[in-house]
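One structure below.
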């Protein structure tokens, strides 16, 4: 089906800005927490005196990063299951609290093992990335809004990746450095900072997290179809604040409507009870009843005060209940051709159309984490020169490449932070234009082709380190490489999330998102381990291009897999989503009515007792 081109005004019509802003405040705080560690982790591990020498510090720093990713593999799927059973909002708040606790433990750690526990807890106690993806999909229900809504994820990560390193870099006050504690700090704060030099950045990041937690508690609406009508005391407090402080009239909540409707119907229900009681007085109360009640109805009847007769109780339940027998449903459990239950997550992930988007996402996560981790390492290697002629490079074009270009951390940090700002520009200004004119599969397939080219280019920056070549050539060359990566990442990340979202059944969408996060985390755990070995081997054998070219080949697998992803039919997707939503709403309404009539029965019994 041809993609209908929309104007910006048409695409923004009805866009759920308010709820998306609340979710964005939560999402923005999390990459700050994740990236604030990078500037000082080397010095923190070194100060723990766990490494036998400075050369081994990076290995122990890698353990901290790997423990986080490994624990995400373990926990993300279970957080998705938790959100399906208890709702998205409670899962989000638990994740924010868990991250805050783990950051405080990290900041006040006295040894390496405490820091390792803190990083592990950060991975275990937070599955918010997958839950936030689900929330965004349930907030942006119209196809024209989804791509722009999902694009907020990489945008906020880019912003957080700029702010986080600034906090971690400027708020660490270590002895023997130029970064000293400001004179205006209170005396007790100075004592704490001197004892725990890495605590302050973590405390500041916790403030960001608490701000996001407060906003989520007060203003975020539950998006799970089965729980969105459940009473939310946090929202009620938020509505009170909006009305009495900001003068904004909040909308009526579903549970407020239900309570009012119940109170209006009490009078009619009293009349029905009296009518049933009058009819029943003419019959023998010991006579057998027609055996048409199911177990749930029987349980409801038995829970009613004996002041109401059994026949009166049956009349009320039949009048107000939408409950239907479900024995047939439980007896008929479909089994897929793969031998798994059709409702199982294994079936949905590995034997349905969502498999290909998830597999592509795994490859993307792996090669991007390898790039992010090892590009600074490669640039930091000393420039290898010919022992016989120091003015010449030891590398020989095109196959013999050794060493790096001797970049300092400040140079690498400037390079990465600048391209991060460029990524924000891409998401804000370029992404909406691209999304309005092309479908997500076309965008994704086109941009994925650029990754292999970029990785092939990386090792050849060594040959620009020549006296006859101006130094700005190297800067431009590196900005081209990092710019391509940032441009492609900013535009492909929301597309693959959208493809996974729209390929997932609504009934287990949050669980699939949780499984996706676990699979991506496993990629971030495996990638650095494997390519760390490859990079070490290639440097020792003067073939540094092998590590980057192998990464390029791995990207081509993602390109191949992308052609197996089924295109999204916008009309079919919207109809399917609406139908599934209606099914959830129908179940929720049925449950609400059953609870309402049971509450009414209890009230009627109490009224009869008092009379």
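Glycine residues also receive a Cβ, built from the backbone N, Cα and C atoms like all the rest.
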Using the topological domain names from Swiss-Prot, determine whether residue 225 and residue 537 lie on a common side of the membrane.
no
Pick from 443-463, 464-484, 485-505: which range does Swiss-Prot record as transmembrane segment?
443-463
Between 281, 603, which does Swiss-Prot record as phosphoserine?
603
If Swiss-Prot marks one of 313, 344, 507 as phosphoserine, which residue does it mark?
313
Which one of these stretches, 90-110, 153-173, 354-372, 414-434, 443-463, has the most C-beta pairs shorter than 8 Å to the transmembrane segment (543-563)?
443-463
Pairs 6 or more apart in sequence, C-beta under 8 angstroms, 3 or more of them: is that satisfied by the transmembrane segment (153-173) and the transmembrane segment (443-463)?
no
Is the transmembrane segment (90-110) packed against any residues at least 6 beyond its ends, judged by a Cβ distance under 8 Å, and which are they?
26, 29-30, 33, 37, 48, 79, 82-83, 117-119, 121-122, 124-128, 131-132, 135, 196, 198-203, 205-206, 209-210, 212-213, 216-217, 220
Tertiary contacts of the transmembrane segment (200-220) (same chain, 6+ residues out, Cβ under 8 Å):
18-19, 22-23, 25-26, 28-30, 32-33, 36, 40, 89, 92-93, 96-97, 99-100, 103-104, 106-107, 164, 167-168, 171-173, 193, 234-235, 237-238, 241
